[in-house]
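Down below is the structure, laid out as structure tokens.
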Amino acid sequence: MANLRKTHPLLKIANDALVDLPAPSNISVWWNFGSLLGLCLATQILTGLFLAMHYTSDISTAFSSVCHICRDVSYGWLIRNIHANGASFFFICIYMHIARGLYYGSYLYKETWNIGVVLLLLTMMTAFVGYVLPWGQMSFWGATVITNLLSAVPYVGGALVQWIWGGFSVDNATLTRFFAFHFLFPFVIAAATVLHLLFLHETGSNNPAGINSDADKISFHPYFSYKDLLGFVAMLLGLTSLALFAPNLLGDPDNFTPANPLVTPPHIKPEWYFLFAYAILRSIPNKLGGVLALLFSILVLMVVPILHTSKQRGLTFRPLTQFLFWALVADMLILTWIGGMPVEHPFIIIGQVASVIYFTIFLVLSPLAGWAEIKALQWA
């Protein structure tokens, strides 16, 4: 009699994705981040669900309801701290996952990669609307500043902003709809994740050598299920440590003050994981130009597969492009630092130079380096 997991219509799907999935034998720890993202998503949905049971999306009670969750609800403080810091870990894992994709040429699986970029955009939208919900000062002013960017859209900008707001300013209608979006988007992300996996399993995983691994595959379970489990333990250890020992480390002190439309905080800035994009936005002294640069700072990932000029897939044996990759990592860190700084000298010029370098590496230097490496191999 055949094994039930191989014959049952539902179990067969799970089996092909998690148990009998043929995986390259040489994939490293960098391939752990996909499953870690799944864990992050599950954690966020679960903690978010419990928070939603006690939260009220009304401007007169939102801030108080968050205080109530932390003070009166059983383990509410823990659920909130895990949810707030879980978002940070989510983005750490996303950026690591994307970095691995860029380093090892995983972007050549175009459908998987493009759905991944869509997933990144969805996650960023979810995090943004979620940050507005506690209705603190930075929540309110962050919502005002970022939604106002839509007014840069020619002709329909003003109407678009009022449509998003549900009025003439960020008000009760805005908070209510943002809560609705924040509840809905994680399930959209989960659905897109299924598509992401569907397309990945059409081709199979890439590997550090960047070559076809059909001749040397091993089953996902038990080898990589246990390897992923180690990653789970490491991440959950980090998350719980942060949530228990330094829950407000990554937050903004301004968000402990209830939203006040009459008082603008001295420095309006988003959470740390958006600072690189915020720095790119601020580095262009034109509203529409800044918004386009902000959008393209993420959408540039979609053109990476088109601009792949090398005959080798990954960067394992390509020292020139390796240098560019690490220059990009350093540049992202500089942009993140600048995004949190006030708009004054020397931060303005540093941000502008870093923004130019960011786009130059993606659009000019990487394709050139790939081409140069091919030439060098031909001459060798």
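First residue shown is number 1, and so on along the chain.
A Cβ is built for glycine as well, from the same backbone N, Cα and C atoms used for every other residue.
On a predicted model such as this, the values are computed, not experimentally measured, just so you know.
Taken from Swiss-Prot, the feature heme b b562 binding site covers His83, His182, and the record attributes it to similarity to another entry. His182 (heme b b562 binding site) is surrounded by 22 other CB atoms, counting those within 10 A of its CB over all protein chains shown. In this structure, His182 (heme b b562 binding site) is part of a helix by DSSP.
The heme b b566 binding site annotation in Swiss-Prot covers His97, His196. The number of other CB atoms found within 10 A of the CB of His196 (heme b b566 binding site), across every protein chain shown, is 21.
In this structure, His201 (ubiquinone binding site) is part of a helix by DSSP. Annotation source Swiss-Prot lists ubiquinone binding site at His201.
Residues or ranges marked as transmembrane segment in Swiss-Prot (evidence: similarity to another entry): 33-53 (among others).
Remote same-chain partners of the transmembrane segment (77-98), defined as residues 6 or more beyond its termini with a Cβ less than 8 Å from a stretch Cβ, comprise 30, 33-34, 36-37, 40-41, 43-44, 47-48, 50-51, 66, 69-71, 116, 120, 123, 127, 130, 235, 238-240, 242-244, 247, 250-251, 271-273, 301, 332. Here Swiss-Prot flags 77-98 (among others) as transmembrane segment, drawing on similarity to another entry.
Swiss-Prot lists 113-133 (among others) with the feature transmembrane segment. Residues 55, 57, 62, 66, 87, 90-91, 94, 97-98, 101, 106-107, 139-140, 142-143, 146, 174-175, 178-179, 181-182, 185-186, 188-189, 192-193, 195-196, 199, 270-271, 273-274, 298-299, 301-302, 304-305 of the same chain, all 6+ positions outside the transmembrane segment (113-133), place their C-beta atoms under 8 angstroms from a C-beta of that stretch.
Among the features that Swiss-Prot reports, transmembrane segment is placed at 178-198 (among others), with the record citing similarity to another entry. Sequence-distant contacts of the transmembrane segment (178-198), counting only residues of its own chain at least 6 positions beyond either end whose CB sits under 8 Å from a CB of the stretch, comprise 17, 37-38, 41, 44-45, 48, 52, 55, 57, 112, 115-116, 118-119, 122-123, 125-126, 129-130, 132-133, 143.
The feature transmembrane segment is assigned by Swiss-Prot to 226-246 (among others).
Taken from Swiss-Prot, the feature transmembrane segment applies to 288-308 (among others). Here the transmembrane segment (288-308) has Cβ contacts under 8 Å with residues 98, 102, 105, 107-108, 110, 113-114, 117, 120-121, 124, 149-150, 152-154, 276-278, 280-282, 355, 358-359, 362-363, 366-367, 370 of the same chain, all six or more residues outside its ends.
Long-range contacts of the transmembrane segment (320-340) within the same chain: residues 95, 99, 102-103, 269-270, 272, 274-280, 282, 310, 347, 350-351, 354-355, 357-358, 361-362, 365-366, 369-370, 372-373, each at least 6 residues beyond the stretch ends and with a Cβ under 8 Å from a Cβ of the stretch. As annotated by Swiss-Prot, transmembrane segment applies to 320-340 (among others), with the evidence given as similarity to another entry.
Taken from Swiss-Prot, the feature transmembrane segment applies to 347-367 (among others), supported by similarity to another entry.
Other C-beta atoms found within 10 angstroms of the C-beta of His83 (heme b b562 binding site) number 21, with every protein chain shown included. In the structure shown, the C-beta of His97 has more C-beta neighbours within 10 angstroms than that of any other entry among the binding-site residues His97, His201. Secondary structure at His97 (heme b b566 binding site), as computed by DSSP, is helix. For His201 (ubiquinone binding site), the nearest neighbour among the listed binding-site residues (His83, His97, His182), judged by C-alpha distance, is His97.
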